[in-house]
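The annotation domain 'MacB-like periplasmic core' is assigned in TrEMBL to 39-270. Per TrEMBL, the feature transmembrane segment maps to 40-60, 304-326, 358-383, 389-411. If you look up TrEMBL, you'll see 308-421 marked as domain 'ABC3 transporter permease C-terminal'.
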């Protein structure tokens with residue numbers, strides 16, 4: 001029987017606590033609505049803080065995702081060698097040493113490494129496309145047959161370049177998706193196009209390839225949809241007046257069998273080239289996987305800086321909440337005395353003011369989340385910056401704002417709870 005009575009008492013106490021909390025919330029809402037303008041201005045501080053914090057982190061996350069997609073375009077299991085610009089003194093030294101830059105011989109030597117599964121080479125050519133009276137200047141690349149597979153390019157119509165095209169220096173070409181679209185009927189398979197008055201037969205048209213423009217020298221990526229592809233070495237059979245003759249390749253990409261071997265393989269490649277190029281570094285080694293790690297570290301620092309700046313707005317909002325709660329305590333001194341006189345203890349008084357502070361904070365948080373959604377859309381539309389709101393950024397903003405709100409109300413709540421009831425009743 002004792003257990004039963006005890007259980008009934010606990011259930012009754014639990015029900016009383018729930019009812020008391022509901023009453024505190026109702027009372028808090030009524031108190032806040034009595035001073036609508038003051039409540040609105042105090043919530044505004046939290047609103048700006050939450051909106052700024054979420055928007056800042058969204059911009060940082062958007063920049064991170066864009067950078068990662070740029071890196072993925074290069075190939076996460078690739079090592080890329082690129083030709084670099086040399087000073088006049090370096091060019092003279094290269095000529096003395098009879099070094100010709102990146103060559104097919106370099107590609108063949110490095111491809112003999114056991115950790116390399118494939119390679120692809122390309123070279124940028126100089127040439128203009130003539131279409132009757134229309135001037136159109138897409139980029140022209142002389143590529144090896146393996147280029148398309150390594151870059152993930154699929155054929156839409158026709159065929160890809162084959163080793164025989166490269167061996168026989170065939171005057172054939174493949175059009176990128178945008179080039180074929182621009183040419184219209186002139187860009188169909190089996191049609192001929194003229195590049196600097198030299199005829200090339202179109203043998204294939206590529207599918208559209210999603211492309212994100214690179215913004216740094218290391219991250220430079222080409223829009224593969226706006227390129228005309230011809231067999232590697234075709235420039236050797238063309239007139240020197242209009243076509244660039246140079247043995248140096250623009251880029252060589254190597255596919256590594258295992259991602260774990262990438263850094264060691266890159267060191268081996270650098271050692272080989274240092275020997276074959278006689279110590280002249282006329283190339284750049286790009287490791288997309290390492291770029292990803294660097295991007296993650298940089299973005300983490302970027303997020304911390306942005307988040308810290310935005311968090312200051314939350315602190316300012318917390319100061320606003322403390323001000324309004326202190327004003328409420330002063331204005332409601334007589335009310336506090338009456339409640340103490342009819343049986344309310346210090347806990348009840350403190351809880352009431354903490355509940356009011358929490359309601360004020362959550363209203364600002366709700367408006368701040370809506371403001372962040374609108375702000376990120378405006379930034380994306382007008383500034384053309386990609387932004388991405390994540391769940392963790394929203395939870396971080398909500399938790400920080402709630403913590404600031406409660407901490408800001410702690411002193412006013414304690415002050416109200418410790419107020420002498422007799423002195424409070426004398427207050428007018």
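Using N, Cα and C of the backbone, Cβ positions are placed for all residues, glycine too.
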- [ ] Using a Cβ cut-off of under 8 Å, list the residues of the same chain at least 6 residues beyond the transmembrane segment (40-60) that approach it.
- [x] 299, 302-303, 306-307, 309-311, 313-321, 323-324, 360-361, 363-365, 367-369, 371-372, 375-376, 379, 385, 387-390, 393-394, 396-398, 400-401, 404-405
- [ ] Report, as numbers and ranges, which residues of the same chain sit near the transmembrane segment (358-383): CB under 8 Å and 6 or more residues beyond its ends.
- [x] 25, 28-29, 32, 39, 42-51, 53-55, 58-59, 62, 317, 321, 324, 389, 394, 397-398, 401-402, 404-406, 409
Task: Summary of DSSP states over the domain 'ABC3 transporter permease C-terminal' (308-421), given as helix, strand and coil counts - done: 99 helix, 0 strand, 15 coil
